[in-house]
Each structure stands twice: as C-alpha cells, then as structure tokens.
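Summarising the annotation, Swiss-Prot assigns active site, proton acceptor to D201 and lists sequence analysis as the type of evidence. Per Swiss-Prot, the feature active site maps to D217. According to Swiss-Prot, the Mg(2+) binding site annotation covers N206, D217. As annotated by Swiss-Prot, site 'ATP' applies to S36, with the evidence given as sequence analysis.
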Amino acid sequence: MNNSAFTFQTLHPDTIMDALFEHGIRVDSGLTPLNSYENRVYQFQDEDRRRFVVKFYRPERWTADQILEEHQFALQLVNDEVPVAAPVAFNGQTLLNHQGFYFAVFPSVGGRQFEADNIDQMEAVGRYLGRMHQTGRKQLFIHRPTIGLNEYLIEPRKLFEDATLIPSGLKAAFLKATDELIAAVTAHWREDFTVLRLHGDCHAGNILWRDGPMFVDLDDARNGPAVQDLWMLLNGDKAEQRMQLETIIEAYEEFSEFDTAEIGLIEPLRAMRLVYYLAWLMRRWADPAFPKNFPWLTGEDYWLRQTATFIEQAKVLQEPPLQLTPMY
C-alpha cells in the first residue's frame, strides 16, 4: 500500500463498531468525527455512558513500533502526573488491529480551548512542559525520528521538484524561493542541542483547559530540541513573544533546565514547519478529504502567497533571533 495514495474509503462505521466490539466496547451513540486529516478520529459513548475517542492510524505512516513508542511515552507522562491523553489498554495492549488498520482508544477529555494570550495559562503550560521534558529526558525514542533538515527540508524539496500541483508558470519562482529558504535555514541550523522526547506538535490547538492544561495528540512525537515544544505557543509582536517566552521558561525551569541558546532555532524551526506542512498536503492529495478541505492548493494565488511567505521567512532568518531580557 502506497502511503501517499492511501485513502480511508474502506473504513466504514460498521467496521469501526466491529473493531470496538471485538475488544468489549459497545457503541451506544453515533460516531462523531473529530477534526483530523492525517488519521481518522471519532468520539463515541459506550453502553455505560462513558465517552471515548478512537483513533485509526493512517497505514504506513508509522510502524507498530513507532506507535507503541508514542503510547509508552504518553503512559510514562501520566505516571509522572503530566496531564496527557493516554491510550486505554485492553489485556495489556494499547495498539489494536482490525482488518489491517491499527487503532487505539483514548478517554474523551473535554475542556475549553487553551487561551494563548492568557499569561496565567501560559505559565501553567510552561510548568507542565518542564515536567513533560523531565520525563522526555529519561530515554530517547529508538524507532521514531529526530527533527532534522532531511525530513523537513530536503525530502520536501524533491517532492516539489516533481509536483504537478504547482502551476507551471509559477514553479521556477517557487523552487527558487524554496532553495533560498533551505539555504538560510541550513546556515542557521545547529545540531549540538540536547535531544529529548518531545510532544512534537505543541500548539494551542493541541492543549485543552480544564482547571489546568491537558495535552492531546502525541501523533507527531519525536526526538529533538526542547524549544520545539515552546515556540509554537508564541504569538503577537516581538515584545509580546518575548514576554510569553520568558513566562514559559521561568515556569519550565521549575522542573527542567532550558538552554537559552536554543532560542536561535525558533525561526529555522518555523521555516522547516512551513516547508514540511506544504509537502504533507501534497503527499496526501490522493486522499479525497484533502482536495475537499484544501481546495485552494490548486489555485495560482496560493502559490504566489506561498512563494512570498518563503521569501519573507528567509529574510527573517537574517535578522537577530528573539532576545530575552538581560536577567536571562
């Protein structure tokens, strides 16, 4: 099965309910789809009126060993009292299989959206990220990848070269902007950072608030620098971002030491995410869910804006990185 061409067309509601029934769960409500394009995720209620979420993993994106490492990390975090949505075990197994689909069941954790402009909530998130990384430092992922230039820049560049989605009249300018951005990132990238296990996709949309933060969706967990789990929480102008980052770091360091030299990786990581995200959309284009939800990807205006975004980010990389106040 080719990962890029795979679709979830054969994953019918009956298939999902049969998979759950095999493990003793009777669905007593409808299956409510949750917002996930990479996997298929549904919320439901069982006959005891308990709410769960079932996640069916996209085949061939992660191996069984890689998914199990994600689950083991989540369970270690829960054991260390870090608020994370961790999978439910059935006869000691968290990774289940039905008709070739890997899936896992999680307790449904409700909550409000994390308020990225709420400094008190930001402080609490920083504190728990410090605890998360305290656990993350105990060992590394063996099977899951480490953040690096090849996965985030070099492989996407090859994909762009062969892509038919990019309008022919705009492709040369887009590839030139991509190459300049890759060169700028490469010039500012460093690999002497301390590597630890990360959430990997720690942005406001993956944090719920219930008298404190609840971290969800470890699907992108991998090894990398601590700052990867911090920078996506920053928003606003540079002064606001400085205050937010100082708040996070001060709370974070109650549990884990933070190397402030990693602040210089924020803009390279932002650039890498821009490139990687676009490549992800293009790899998934054969899945009908993607043209339906991202129709603008075929428009010339989008590629003009994307080219401009890459050019602007390359310029940002030439500027000094975010500076903390002297006390740091």
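Keep in mind that glycine also has a Cβ here, set from the backbone N, Cα and C atoms.
Location within the structure of each feature annotated in Swiss-Prot.
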| residue | record | DSSP class |
| --- | --- | --- |
| S36 | site 'ATP' | coil |
| D201 | active site, proton acceptor | coil |
| N206 | Mg(2+) binding site | helix |
| D217 | active site | coil |
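Residue density at D217 (active site): 23 other Cβ atoms are found within 10 A of its Cβ, drawing on all protein chains shown. Here the recorded positions are S36, N206; the one with the fewest Cβ atoms within 10 Å of its Cβ is S36.
For the pair formed by the residue listed as 'active site' and S36 (site 'ATP'), distance between Cα atoms is given as 10 Å, rounded to the nearest Å. Here the C-alpha separation of the residue listed as 'active site, proton acceptor' and S36 (site 'ATP') works out to 14 Å.
In the structure as shown, the Cβ atom of the residue listed as 'active site, proton acceptor' sits within 10 Å of 18 other Cβ atoms. Recorded residues N206 (Mg(2+) binding site) and S36 (site 'ATP') have their alpha carbons 12 Å apart, per Cα-Cα distance.
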